[in-house]
Amino acid sequence: MGGLGLGDAKDITVKGLEVVKKCKRVYLEAYTSILTVGKDALEEFYGREIILADRDMVETNSDEILSGAEEEDVAFLVVGDPFGATTHTDLVLRAKEKGLDYRVVHNASIMNACGCCGLQLYNFGETVSIVFWTDTWKPDSYYDKIKCNRDRNMHTLCLLDIKMKEQTIENLMKGRKIFEPPRFMTVKQASEQLLEIVENKRQEGDNSLAFTEDTVCVGLSRVGSDAQRIVSATLQEMTQIDLGEPLHSLIIPGEMHSLERDMLLQFAISDKTKNILSSICI
């Protein structure tokens with residue numbers, strides 16, 4: 001099991017590439033994250049055919065991946081780190097149940113690469129996932145986790161939803177294997193949902209909001225690639241920002257050290273954001 005890092009085909013480690021080149025079969029986990037390049041670029045650089053492993057294969061048909069692994073080496077590649085944002089411990093446990101040896105080759109993930117914005121990693125609390133809302137389903141349980149982090153003066157990394165190989169309810173109910181185009185939540189969309197939660201809390205009479213429209217946040221896109229972008233802006237301003245192609249992440253800072261604040265000032269998009277950051281007492 002090997003991590004691919006966050007950018008392109010060349011972000012794999014030397015050790016990871018050596019392992020891939022020796023394997024008879026190479027699977028790419030293709031539903032929790034993406035690189036900035038496609039399958040063809042990976043195959044060309046690794047010199048191996050790559051088999052895309054979707055959620056169904058990994059979660060319900062893992063025997064297909066592990067089949068024959070007692071006789072030949074099999075690689076399972078994960079964007080980022082194998083045990084970063086989404087753990088793959090279940091696959092490891094299934095391998096152990098079959099008496100198979102396994103090896104993990106680690107790499108960078110958004111969990112540590114988010115430090116590129118200048119916020120110190122040991123000041124982060126629990127990471128949350130923000131999911132796409134629908135007209136009838138608007139979960140907001142992550143708000144309480146953000147509030148808990150903020151109450152403890154800690155930063156919150158928000159991982160934004162990815163929809164890969166999803167079916168409509170109608171197609172799912174009718175058993176039709178018709179899938180929707182991939183969707184990737186943007187910082188803009190996440191900020192809009194967070195502001196709606198804030199407004200709902202106000203209407204409920206909540207006087208101890210975890211954050212407001214004027215809370216300075218950090219938007220990240222394509223971390224680890226040449227097209228990486230970092231901006232700091234108020235949550236309200238974030239709803240007007242286009243950070244381009246996926247993948248995006250959002251950080252809601254807690255209490256900041258002076259060095260953290262000074263770093264965010266370098267990425268501020270407006271005088272308002274600069275003034276808010278400059279007024280923070282250190």
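In case you wondered, yes, glycine gets a Cβ from its N, Cα and C as well.
Computed from a predicted structure; not experimentally measured.
Among the features that TrEMBL reports, domain 'Tetrapyrrole methylase' is placed at 3-175. TrEMBL lists Leu6, Asp81, Gly84, Ser109, Ile110, Leu160, Val223, His248 with the feature S-adenosyl-L-methionine binding site.
Mapped onto this structure are the features recorded in TrEMBL.
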residue: Leu6; record: S-adenosyl-L-methionine binding site; Cβ contacts under 8 Å, 6 or more apart: Leu35, Val79, Gly80, Ala108, Ser109, Ile110, Ala113, Val223, Gly224, Ser225
residue: Asp81; record: S-adenosyl-L-methionine binding site; Cβ contacts under 8 Å, 6 or more apart: Gly3, His106, Asn107, Ala108, Ser109, Met111
residue: Gly84; record: S-adenosyl-L-methionine binding site; Cβ contacts under 8 Å, 6 or more apart: Gly3, Val78, Ser109, Ile110, Met111
residue: Leu160; record: S-adenosyl-L-methionine binding site; Cβ contacts under 8 Å, 6 or more apart: Ser129, Ile130, Phe184, Met185, Thr186, Val187, Gln189, Ala190, Leu247, His248, Ser249, Leu250
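Here the domain 'Tetrapyrrole methylase' (3-175) returns a mean pLDDT of 89 for the predicted model.
Among the record's S-adenosyl-L-methionine binders, Leu6, Asp81, Gly84, Ser109, Ile110, Leu160, Val223, His248, no two C-alpha atoms are more than 17 Å apart, and one pair sits at exactly that spread.
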